[in-house]
Structures are given as structure tokens and as C-alpha cells.
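Undergrad: Per Swiss-Prot, the feature transmembrane segment maps to 34-54, 59-79, 113-133, 138-158, 194-214; the stated evidence is sequence analysis.
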Amino acid sequence: MSKLFWAMLSFITRLPVPRRWSQGLDFEHYSRGIITFPLIGLLLGAISGLVFMVLQAWCGVPLAALFSVLVLALMTGGFHLDGLADTCDGVFSARSRDRMLEIMRDSRLGTHGGLALIFVVLAKILVLSELALRGEPILASLAAACAVSRGIAALLMYRHRYAREEGLGNVFIGKIDGRQTCVTLGLAAIFAAVLLPGMHGVAAMVVTMVAIFILGQLLKRTLGGQTGDTLGAAIELGELVFLLALL
């Protein structure tokens, strides 16, 4: 299990992980790593939350929120934000399915992708600022949001098909079973309940699950399945929806 965790940490983040810690794990077994997603999200959110807490006393709430969002993006290498931008460029192009998938593969940033990035990043900064001004625990909120959003991404993997012939998303999409999905969602729910007691966290998770499930169905209808880009989009939007649900 430890090798699986370190392999997933190096796969979906840019945090430095010694290669020997995940040696011996075949790439074809990476799908089992879905159950570590909430824990990885917990770690990322906690680091981002600590950045907020340290900077808040020095430069105030808005700048602390800005830098916490920036640190979160840097830790993932902008991986999920890139998926969000590519997904929006493709889906909102209003072209054929095949053309949408081609656009999503294009490394150039389009208008819709740029607008999506601006909206999501600004929305996160504003929501974090508002939560802080209301006295909500930012470290716990960010840790829970990142854990839940990555856990809920399993909803776009279980019983979904990969929309392309090959790609990184093919490691997970359509490869996880019901037990893995339930364990992943269960871990995310536990983290949300412990970090944000009084059912506040669980209620926010339910709202996020509904939103991401609907998103998954819309993407399935539009693209014929899911891709690594749509998983990234789901994680980014999941974080935002969870934080909004805490307001």
C-alpha cells in the first residue's frame, strides 16, 4: 500500500518522491491507487491551508488566499487546471465529438479555456477570503475540499469508458470496480466529517457529489466518455463546489 501511495503522489502531483519508494509497481496496477486519492488531496489541501495561515497574519486575507491557491496549483503542476482548460476549449467549441477531442489535445490555450481558468482561480480566491472573514477554519476547509474533490473523481471512472484510444486517463477510467469506488468515497466522507464536524463537511460533500455526477453524465453524452482532461476538470470544479457549499 505504501508503494501505491508514493506512486500516486508522484503521478498526480509535482511533490518530490524518491523513485525507490515506488519501485516494483507496474503501471497497469496504478488503477488500484484510486483509494489513495483522498489522502493525497488531504495532504495537498493541508499544505495549502498552512500557507494561508502563515501569510494571513502578515499580508491579510486576500493575499493569503491568492498564495494558497497558487501553491496548490504549483504542487499539482497545474495538471488539473490544464485539464479544465482543455475540457472547456473542447466542449464549448460546439463541434463534432471527434473534433472536440482533437481540440482538447491541442496544447494551445483557447478563449473558453482561458475564461474557465480565470473564473475558477478567482472564484477560489474569493470564496476562501469569504470563508476566512466568516471565521471558518481555512486549513480544515482546504484539506477537506481537496480530499473530497479527488475522491469524488472516482465517479467519472467507475462504469465510464475512455473517450480516446490512449492516454493517461486510461489508467483509471473504466478500470476501477464498485468496491474501490465505495472505499474511495468512504475515505473522502470520513475526512470531511472529521475535519468539518456537525455534518457541515458531509453536507458539502453530498452537494459536490451531485454536481460532479451531473457533470460526468453531461461529459459522457457530449464526448462519448471521459478523458484525463475531464478528470482534471472534475477535480478543480469539485474543489470549488465544495468550498462554495461551506458558505
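A Cβ is built for glycine as well, from the same backbone N, Cα and C atoms used for every other residue.
Since this is a predicted model, take the numbers as computed values, not measurements.
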Undergrad: Relative to the transmembrane segment (113-133), which of 34-54, 59-79, 194-214 accounts for the most Cβ pairs at distances under 8 Å?
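TA: Between the stretches 34-54, 59-79, 194-214, 59-79 has the largest tally.
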Undergrad: Counting only residues 6 or more past its boundaries, what in the same chain has a CB within less than 8 Å of a CB in the transmembrane segment (34-54)?
TA: 4-5, 8-9, 12-13, 64-65, 67-69, 71-72, 75-76, 128, 132, 138-151, 153-154, 157, 172, 176, 180-181, 183-184, 187-188, 191
